[in-house]
């Protein structure tokens, strides 16, 4: 056993290995001591459930091993019943022969749900008061394979005893003693073989660097670059899922519209109007990074998501209003995802749009299966699709002649072309959406179970910041590439920019960069639609469970929402498929107007001592985030007003606009003044 752990360099890791061996050997010695195996009333259910709670393996290991062992409990129950029948004559009865398999499976599901979609760094040791173990060695990781070997050894002993009782009634006691002694010797040999056999070692050291957080902090500078990178990659997950929201079909539609902006002046030798709104793209991702870090910190410190905090703190009416508005934002993003998916299928395979929309129902079945199977598997699928998306659009960089001087000017010098205020607003709405902050807090809150003190909390916050920064940098780069690709398209004088949308964007790519670029665009759009669809389902689940405080069957929830959205889209398709582009832009505007429904409560909880304690925003950061939220709210209303000024609007439209503005600002002012009374901080 010690030989298997020679690759570990720190003292704490050697102690971890030695402690596991000593723990298991002592248990084997106690459980397999001569004739006491049968007389002891060991409850197998307790053994299994305790190990489910204390398992430190990742979700993949749980699925392959623990689930299989828990499902075999019924077989152990039958053997115990048969042992009782055969041992009645000797007054030796195993107590509690019926194993409560239902309870054991519930414990397994509870353990799996509490830590799924998170990678293990410190070891998933339960932090609840009932599970705190005083002794250091007892607090070490329990090895599931060794525990199951105990169960199997007991079962073999019982079977051997039964055979001896049936065949040698006169010498029953002697045979039992001999068999037990032989089995004990075999068991000790098996333990030695397990120590020597590296292939049977179930502890996966790739998911754990050290169990001693103080030691990690003390020797931080001595950790190799490889170990530091491994720590980062073991954490990664939530930030990359959230980054999908920055690369959905709504973003692609806004990027297309912004990149195809052209100046009305026909005398320009080279028109760079498509570059003008890149500053919104870059600064929008910076704002997104700030709020993603706040979301991540809120989940790590409290162990609750933003929806649960709103439900617990605000009254039912306010919570219901927020829930409805956030759910509208999710449905809007989901509609955009479905649009992007069946447009891509139509472009790649030539399938009719009305037939391609049924693919979304099949996609719902896939999502339901992945969520019920393992959220770790779902994360892997989403990461693969994100990779396809990034590669597809990065290839366009080598086909596009970019003017880097104009690019730098457009980022550093904010400007909005005349009459393009609604495009600027839609671009901001496509970048930052309300539901992504609810989703991010939900994902990071699940890591609370493996955060055991303030040192690990700070480390997790650092890793979360690195992950959010890296994922949003990749997202910003990809979106800018899409804008620049369409900004460099040479439109003819007789062609209008309004002629191109998600349906016809492939024609622009084909004319300017060749046929292969058309397929690159289509595959990127398909990957974006699938990614965004899965992400919206995940966000919907977290919002429903957080606000309503109840779990809804995945299959029922997914199909109900999909059928509703399917009916709405089919109605649009029966009218004219090109209205979908206008629908996508309208949804982006709605997204940015609903953004305060996430940023305001996130800000309120992030500055309150009862929620984040010493990790709350203080002084300058607190004031800076407040100004950002106010600037977003004012820009929303101002850009909407300017867009109406450039158009001919009726008195009824102006009347509704004024009423909406009063209601909008009134609710926001009320939202800012709701007191936070409860204490959510969990001190480690």
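Just so you know, glycine gets a Cβ as well, placed from its N, Cα and C.
The shown structure was predicted, so the numbers you read here are calculated from the model rather than taken from an experiment.
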Swiss-Prot annotation: residue 254 and residue 681 on one membrane face: no
Matching range for Swiss-Prot feature annotation, transmembrane segment, among 251-270, 351-370: 351-370
Range annotated as transmembrane segment in Swiss-Prot, from 210-228, 229-247: 229-247
Matching range for Swiss-Prot feature annotation, transmembrane segment, among 466-487, 488-509: 466-487
Cβ-based contact of the transmembrane segment (424-445) with the transmembrane segment (555-573), 3 or more pairs under 8 Å: no
Interface check, the transmembrane segment (555-573) with the transmembrane segment (585-603), three or more C-beta pairs under 8 A: no
Selected stretch (most C-beta pairs under 8 A with the transmembrane segment (623-645)) from 276-299, 320-345, 585-603, 651-673: 585-603
Segment-segment contact (the transmembrane segment (320-345); the transmembrane segment (276-299)) at 3 or more Cβ pairs under 8 Å: no
DSSP-derived helix, strand and coil totals, residue by residue, for the topological domain 'Cytoplasmic' (535-554): 15 helix, 0 strand, 5 coil
DSSP-assigned states of the topological domain 'Cytoplasmic' (604-622) in counts, ordered helix, strand, coil: 14 helix, 0 strand, 5 coil
Same-chain residues at least 6 beyond the ends of the topological domain 'Vacuolar' (346-350) whose Cβ lies under 8 Å from its Cβ atoms: 356, 503, 506, 518-519, 521-523, 525-526
Beyond the flanks of the topological domain 'Cytoplasmic' (535-554) by at least 6 residues, Cβ under 8 Å: 241-242, 244-245, 248, 305-308, 310-311, 319-320, 322-323, 326-327, 330, 333-334, 337, 364, 367-368, 371-372, 378, 382, 435-436, 438-439, 442, 561
